[in-house]
Amino acid sequence: MALLQKTRIINSMLQAAAGKPVNFKEMAETLRDVIDSNIFVVSRRGKLLGYSINQQIENDRMKKMLEDRQFPEEYTKNLFNVPETSSNLDINSEYTAFPVENRDLFQAGLTTIVPIIGGGERLGTLILSRLQDQFNDDDLILAEYGATVVGMEILREKAEEIEEEARSKAVVQMAISSLSYSELEAIEHIFEELDGNEGLLVASKIADRVGITRSVIVNALRKLESAGVIESRSLGMKGTYIKVLNNKFLIELENLKSH
């Protein structure tokens, strides 16, 4: 398959990913097919975001690493010493993707390290390995292009997380601002009583202790529930089961208390 055709396959992977959750496993599989090597997409902290195996490496430590989806801390840290593509590293390199305890089995094993960079920062590393054949210039062009595509997707995922975070916070702030003073007071007491993200409470007991009517508590809970911040379920005589759905809610409530 010609270089141009392989580049188009990577392009189509990028186009297919538009607007969908990032799937690093599919990306790794595509790169495996066009570069014909084992592919590992590793985050800054060594988390294995995606991988695809072209040539099996029989080793218990490697198997566990793939199951845990985590590269060793020391190895991950060392990857930051590789600022640009470093190709065809042998089994004796500290960056080898082969298990050094089986050095004799993988004497011809070659590793290529490609930094994943986006927005001017190091986002992770693309690691490629082969049992023997050298990585040529075409392979390196595809690997670097693949790393660029992966970097774009990591940035997109980050942007979506930031957006979701901002949306969650805005929903909570709107829900809290819709509460009257007595309703807000009731909510503060309810979540002091719960002491966590979910639990059971008896509204009448809180109402009596704080000196507010039960209807104030019910109204406050309804407002938060309609905003999607909590869910509540009546368990009859036992009380009301409450669960926080928006993880920004308790933080915002705590912030209000400290002001």
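Even glycines carry a Cβ here, placed using N, Cα and C.
Among Arg44, Arg45, Arg61, only Arg61 appears in Swiss-Prot as part of the L-valine site alongside Phe98, Val100. Swiss-Prot gives the label phosphoserine to one of Ser177, Ser215, namely Ser215. Given the ranges 3-22, 203-222, the record in Swiss-Prot names 203-222 as DNA-binding region.
Just so you know, of the binding-site residues Tyr51, Phe98, the Cβ with the fewest other Cβ atoms around it within 10 Å is the one at Tyr51. Other than the site residues Arg61, Thr96, Phe98, Val100, same-chain residues with C-beta atoms no more than 8 angstroms from the centre of those residues' C-beta atoms, the L-isoleucine site, are Asn59, Met62, Ile91, Ala97, Pro99, Glu101, Asn102, Arg103, Phe106. Cβ neighbour count for Arg61 (L-isoleucine binding site): 13 (other Cβ atoms within 10 Å of its Cβ, all protein chains included). Cβ neighbours of Thr96 (L-isoleucine binding site) (same chain, under 8 Å, six or more residues apart in sequence): Leu89, Asp90, Gly109, Thr111, Ser129.
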